[in-house]
């Protein structure tokens with residue numbers, strides 16, 4: 001079948017018209033790309049040339065979707081920190097600028113998830129559902145945007161809530177030698193936030209995989225994982241991931257804080273973070289200082305911990321409470337990193353190996369521990385019993401040391417030592433068993449009223465459990481007043497102590513004072 005000349009002409013004209021229209025409307029989306037080249041690779045870092053426009057801490061893309069951070073920016077060469085498995089990279093590979101800083105996904109979808117510092121899921125539950133992405137490096141709130149620490153954060157640990165109180169927005173350092181229970185205190189605090197409208201972020205920095213797995217299993221078994229985000233870097237991860245981990249975790253926590261929520265973040269631990277930064281700095285040939293740490297080691301921790309605060313009401317009133325953990329060596333709390341963190345934070349909880357060896361858990365040395373701002377947030381009921389308790393415990397520790405030399409002691413001193421031993425026994429607490437506020441106050445009030453003094457030491461644990469069980473008989477109106485800011489009245493004391501006396505009656509005995517030799 002042959003087409004008529006007129007029809008063929010019309011078809012050509014229509015086709016040419018469409019092509020001309022498409023040509024006029026076409027606007028090529030040209031995107032300039034700046035490509036550099038790897039010149040050398042070392043453990044966790046790479047030297048890159050050919051990227052004259054790169055900025056400090058800008059993300060660089062390496063082959064196989066490996067990312068790095070521009071850490072040293074020189075005129076001719078870039079020192080990049082690698083954030084993934086870099087063993088397949090080699091000199092001569094291409095490197096591309098990404099044009100933005102490191103960011104991390106944030107949002108409600110991260111609750112209950114386990115991720116690494118660049119937002120990749122590690123729990124096998126599929127991709128993350130994020131509300132937004134925030135840079136990991138963010139400025140801390142201005143002074144005028146901060147509110148004083150005025151609301152308590154219950155840890156569920158008797159000795160902390162009574163003698164070393166922590167408030168919302170506070171930064172309380174936990175430090176001690178290896179295997180003294182530092183992580184256990186932080187995890188118990190997370191467990192105690194259940195049904196208290198406090199979200200949690202647990203950041204494991206360069207930890208053993210078995211240790212992190214144990215923490216995650218505890219959170220899961222106790223139902224705490226549902227309100228917790230876990231950010232993990234293991235000991236075999238590149239040092240770059242360990243370096244950015246606490247900053248990424250803080251951005252995740254800040255998202256909730258800016259929505260008016262209360263958030264608790266645990267850094268476990270900043271000793272590994274400091275060592276990772278030292279390793280990167282030495283590999284990048286930055287000048288070393290004390291203990292081979294770079295000169296800005298104080299600044300990297302201060303800018304991190306200054307992001308923890310209590311926002312003013314006009315910004316939503318949210319809070320970010322930080323519990324950084326530091327590992328000491330041979331009980332030396334005057335070392336470089338511990339003293340840096342002590343000066344940055346609002347107090348410290350020191351765990352003593354000596355107490356740990358005696359079976360006093362948590363092994364908190366009350367004399368070396370302090371909370372500089374938490375006392376202002378402590379409930380009045382705690383303040384009514386804490387001051388006398390701390391003084392009595394301090395006297396006991398001093399006299400116990402004196403008695404160890406074999407001196408003959410009078411009856412008054414023996415009584416003080418006996419009372420102190422019962423204070424120590426009552427302050428013991430098993431791991432993963434946070435105690436409610438009313439139960440804590442009942443036990444502490446019984447201590448200050450000397451009700452435990454006639455209870456044998458070998459049944460102190462059973463007697464304490466009986467006191468805690470007896471709190472169910474305390475009138476509801478007294479319990480409500482204890483939870484508020486009202487002071488503890490004499491009527492309230494009597495209402496609490498009456499069921500406590502009844503609970504302790506089966507354990508009472510007339511104990512004969514023994515001479516301590």
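Heads up, the Cβ atoms here are built off N, Cα and C, so glycines get one too.
What Swiss-Prot records for 176, 177, 178, 179, 180, 181, 182, 183 is ATP binding site, and it gives sequence analysis as the kind of evidence. The site 'Required for activity' annotation in Swiss-Prot covers 369.
Features as recorded by Swiss-Prot, highlighted on the structure.
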residue	record	Cβ contacts under 8 Å, 6 or more apart
176	ATP binding site	182, 327, 328, 350, 351, 352, 353, 363
177	ATP binding site	327, 328, 329, 330, 331, 351, 353
178	ATP binding site	327
179	ATP binding site	356
180	ATP binding site	351, 352, 353, 356, 363
181	ATP binding site	351, 356, 361, 362, 363, 431
183	ATP binding site	211, 215, 268, 325
369	site 'Required for activity'	163, 164, 347, 348, 349, 350
Query raised in the report: 10 Å Cβ neighbour count around residue 182 (ATP binding site)?
Result: 26
**Report entry** 8 Å Cβ shell about 176, 177, 178, 179, 180, 181, 182, 183 centroid, ATP site members excluded
**Finding:** 327, 351, 356, 363
Requested in this report: Could you find out if DSSP has residue 183 (ATP binding site) as helix, strand or coil?
Outcome: helix
